[in-house]
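Trainee: Okay, handing you the structure first.
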Amino acid sequence: MLMIVQLLVFALGLAVAVPIQNYTQSPSQRDESSQWVSPHYYPTPQGGRLQDVWQEAYARAKAIVGQMTIVEKVNLTTGTGWQLDPCVGNTGSVPRFGIPNLCLQDGPLGVRFADFVTGYPSGLATGATFNKDLFLQRGQALGHEFNSKGVHIALGPAVGPLGVKARGGRNFEAFGSDPYLQGTAAAATIKGLQENNVMACVKHFIGNEQEKYRQPDDINPATNQTTKEAISANIPDRAMHALYLWPFADSVRAGVGSVMCSYNRVNNTYACENSYMMNHLLKEELGFQGFVVSDWGAQLSGVYSAISGLDMSMPGEVYGGWNTGTSFWGQNLTKAIYNETVPIERLDDMATRILAALYATNSFPTEDHLPNFSSWTTKEYGNKYYADNTTEIVKVNYNVDPSNDFTEDTALKVAEESIVLLKNENNTLPISPEKAKRLLLSGIAAGPDPIGYQCEDQSCTNGALFQGWGSGSVGSPKYQVTPFEEISYLARKNKMQFDYIRESYDLAQVTKVASDAHLSIVVVSAASGEGYITVDGNQGDRKNLTLWNNGDKLIETVAENCANTVVVVTSTGQINFEGFADHPNVTAIVWAGPLGDRSGTAIANILFGKANPSGHLPFTIAKTDDDYIPIETYSPSSGEPEDNHLVENDLLVDYRYFEEKNIEPRYAFGYGLSYNEYEVSNAKVSAAKKVDEELPEPATYLSEFSYQNAKDSKNPSDAFAPADLNRVNEYLYPYLDSNVTLKDGNYEYPDGYSTEQRTTPNQPGGGLGGNDALWEVAYNSTDKFVPQGNSTDKFVPQLYLKHPEDGKFETPIQLRGFEKVELSPGEKKTVDLRLLRRDLSVWDTTRQSWIVESGTYEALIGVAVNDIKTSVLFTI
């Protein structure tokens, strides 16, 4: 019988094919039409060819993949579909080798869609602690809870967005607006997760700096027209390496098992089919040995994404076609393998990378370590496959409580240490019950939301701010403590007269009560989230930087009537402080990012002195909103929006911009008051290793490998479904239909396409996170600190580096070290900060490598980028 296998080549959203002869050139060069382009780079580097700690994992993975059939390999690469299996993402299983459906679950703040879990302090709040120990402990606590709920792969941490746009919707998920801070926090988080046998998935790779236009089919507000393509984050070459790629390098060095590619385009090619980003930058230059998974629906092509370095498609269906049973991969990837449009070696590499990552991170699941919850229902029993109501009824929720003393203590510690004291006149804080016997608390953001907190992905914003909204939120935390609950408790405990006024619009009662109060606390907020939810006209990104729920007017009213007003700002990013920062009656201001479930406890503990403030700002707060990089809302008539603000600012992101332009901020990056001042002495910088200008050449790759059975099946009947398969509606299977046979594919490959593996990495590559020499200690900085106050406090010495003024590459000041230190009165402590070779390096766009320029460097030691206590010159 003659049967036809017709490869379905989906072209939806394919990148513009750019004919570039030298596909190793920088993607930041403009073509004649001034369009930013991302060159092609092939093939995908085969995993397992670095001489590193992944070798054992690859040996174990190869032993299994070498015995797998084509459909078994395909089943590992493709999600089974939305709302069918219990997690937000689920791969197919391979029962013959004891591999169950892999469970991938959001997110960076805790286990999404699961009961009894903890909503942890956001990444932004965590970054504000500047505490490396807490970075790790939070990761360990997250790992414990994910593991306890049966999750195999946690979709976090987030280091994209980098936070270059103050109004960016998802800034709260990541750790702040500096790549060094982000990378340090991400690496520790990854280690903590993976120590608990849960694979981390660092995201979003790369340039996902705003929610507006992040996907096709968005609305241009100026024309009301639908966009054709997602926004292109146009990123220059130096900025790509020095800023956006930097924390991903830290993540790879930490052994992260998976990387999630983002929805947006990067230099006019979609991130999940961008061969330069995935094949060259991530897998070759950074030496990433794990697998790349698409953001949910971010895969916009079949063959093209496969040869460009994508390894796993989630949730499996095509963009815009969830619960339709239609996939770019699954059955279509099987077809592409049989007609050789996608090389079998690429499929082998996908499957091997996935299994090797499971082994390397100790997250390889057993058949009895499965999800004990359903993402889709809170009921104890439900359909085995939720979206197919014809399937059997089984127990889907086991009500497992994953928390313990360690997880709860960690959540509170991180929340407390993240709170930043911005102003404290007349020693207003900590609150003295003897001096402030009548206490007023006001603001919607102090109390519970009238509709509770289990609203759609935490988009309820008429109460205390615990999280931002979207897939990065925790939908069903075990409990949440508002500032009202804990402040009222401490007020009663201290026998204070206490009142709480929730009303933030009709301010007559606030005016009356504030005039009688000895001290007034005003809790205000500003929220943001993911772009698929719009709250009060905020489509993920914030429309402006004002406070929500009339917060600015509330502060003004209270301060005009109470001479001792404390303002507590809780927000997902920067807000405008100019209306009240200098008000004489606003005697204290604290800022907190989304603090998670223990938010109220942490805030109250800081205000009443049960814990001392030790947080530092993870971003710059400007005096004027025009000093921030704006959200791009313009879309041309072509319907292909581009973000050139990233080009215009280049390396000058956040504090780099303010320092370079000599702009005085309201509050600088790294700023945070404590109850002590600190004296710095004996500052030294000493060489640990001779540093040459150029990196050493990396070791050659290990030999390329192939599986003996890679070409053993050319009979499509081998890929037919088993006769006894009981199909689930809209479930994605890898099997070919039984009425097909093989036909040669007719795919037009991009210019420069090749399947020939390289024998040697490029110069900046060759190791996890890049050339191993980049990670060697080059210099040590030592400084002695002595507290000048009477309390035991924690503070954060910060090291900023200035490059030689006569260097070839103009390089702005940048954070290159920090350490959180606790000192008692009179105690002296020496703090050692290490400078790695990469910390001294600049990206040479001509050589396409990192170099260390000769000349005089300056190490500046301070407690904020604009509050330097001492500096040391050293010459290379």
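Each residue's number is its place along the chain shown, starting with 1.
Here the Cβ of each residue, glycine as well, is placed from N, Cα and C on the backbone.
So Swiss-Prot lists the following for this protein:
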type     : residues : note
SIGNAL   : 1-17     : signal peptide
CARBOHYD : Asn75    : N-linked glycosylation site
CARBOHYD : Asn224   : N-linked glycosylation site
CARBOHYD : Asn267   : N-linked glycosylation site
ACT_SITE : Asp295   : active site
CARBOHYD : Asn332   : N-linked glycosylation site
CARBOHYD : Asn339   : N-linked glycosylation site
CARBOHYD : Asn389   : N-linked glycosylation site
CARBOHYD : Asn426   : N-linked glycosylation site
CARBOHYD : Asn544   : N-linked glycosylation site
CARBOHYD : Asn585   : N-linked glycosylation site
CARBOHYD : Asn739   : N-linked glycosylation site
CARBOHYD : Asn780   : N-linked glycosylation site
CARBOHYD : Asn790   : N-linked glycosylation site
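I'd like these features described in context: how deep, what's nearby, how far apart.
Mentor: Other Cβ atoms within 10 Å of the Cβ of Asn75 (N-linked glycosylation site) number 26 in total over all chains.
In this view, Asn224 (N-linked glycosylation site) is surrounded by 7 other Cβ atoms within 10 Å of its Cβ, with every protein chain counted.
DSSP assigns Asn267 (N-linked glycosylation site) to coil in the three-state reduction, outside any helix or strand.
Within 10 Å of the C-beta atom of Asp295 (active site) sit 22 other C-beta atoms, taking all shown protein chains into account. DSSP assigns Asp295 (active site) to coil in the three-state reduction, placing it in neither a helix nor a strand.
Asn332 (N-linked glycosylation site) has a Cβ environment of 24 other Cβ atoms inside 10 Å.
DSSP assigns Asn339 (N-linked glycosylation site) to coil, not to a helix or a strand.
Taking the Cβ of Asn389 (N-linked glycosylation site) as reference, residues of its chain lying under 8 Å away and at least six apart in sequence are, in sequence order, Asn383.
Here the Cβ of Asn426 (N-linked glycosylation site) has 10 other Cβ atoms within 10 Å, regardless of which shown protein chain they belong to.
In the three-state DSSP scheme, Asn544 (N-linked glycosylation site) falls into the coil class. Around Asn544 (N-linked glycosylation site), a 10 Å sphere centred on its CB holds 11 further CB atoms from the protein chains shown.
Sequence-distant neighbours of Asn585 (N-linked glycosylation site): residues of the same chain at least 6 apart with a C-beta under 8 Å from its C-beta are Ala559, Glu560, Cys562, Ala563, Asn564, Thr565.
Taking all protein chains in view, 10 other C-beta atoms sit within 10 angstroms of the C-beta of Asn739 (N-linked glycosylation site).
Asn780 (N-linked glycosylation site) carries a strand DSSP state (E or B).
Sequence-distant contacts (6 or more apart, same chain, Cβ under 8 Å) of Asn790 (N-linked glycosylation site) comprise Asn676, Pro825. Mapped onto three states, the DSSP output places Asn790 (N-linked glycosylation site) in coil.
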Trainee: Using C-alpha positions only, work out which of the glycosylation sites Asn75, Asn339, Asn544 is nearest to Asn267 (N-linked glycosylation site).
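Mentor: When the Cα distances are compared, Asn544 comes out closest.
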Trainee: Between the recorded positions Asn75, Asp295, Asn339, Asn544, Asn780, which lies closest to Asn739 (N-linked glycosylation site), Cα to Cα?
Mentor: Asn339
Trainee: Do me a favour and check the Cα-Cα span between Asn544 (N-linked glycosylation site) and Asn339 (N-linked glycosylation site); whole Å is fine.
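Mentor: Spelling it out, the Cα of Asn544 (N-linked glycosylation site) and the Cα of Asn339 (N-linked glycosylation site) are 53 Å apart.
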Trainee: Output, ordered by sequence, the same-chain residues six or more apart from Asn780 (N-linked glycosylation site) with a CB under 8 Å from its CB, or 'none'.
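Mentor: Expected: Val685, Ser686, Ala688, Asp832, Leu833, Arg834, Leu835.
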Trainee: Per 10 Å Cβ neighbour count, which of the glycosylation sites Asn267, Asn339 ranks highest?
Mentor: Asn267
Trainee: Roughly how many Å separate the Cα of Asn426 (N-linked glycosylation site) from that of Asn75 (N-linked glycosylation site), to the nearest whole number?
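Mentor: Rounded to a whole number, the Cα-Cα distance is 65 Å.
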Trainee: Name the one residue among Asn75, Asp295, Asn332, Asn339 whose Cα is closest in three-dimensional space to that of Asn224 (N-linked glycosylation site); these are the recorded positions.
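Mentor: Minimum Cα distance from Asn224 (N-linked glycosylation site) across Asn75, Asp295, Asn332, Asn339 lands on Asp295.
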Trainee: Can you tell which of the recorded positions Asn75, Asp295, Asn332 lies nearest to Asn339 (N-linked glycosylation site) in space, using Cα positions?
Mentor: Asn332
Trainee: What does the structure give for the C-alpha distance between Asp295 (active site) and Asn332 (N-linked glycosylation site)? Integer Å is fine.
Mentor: 19
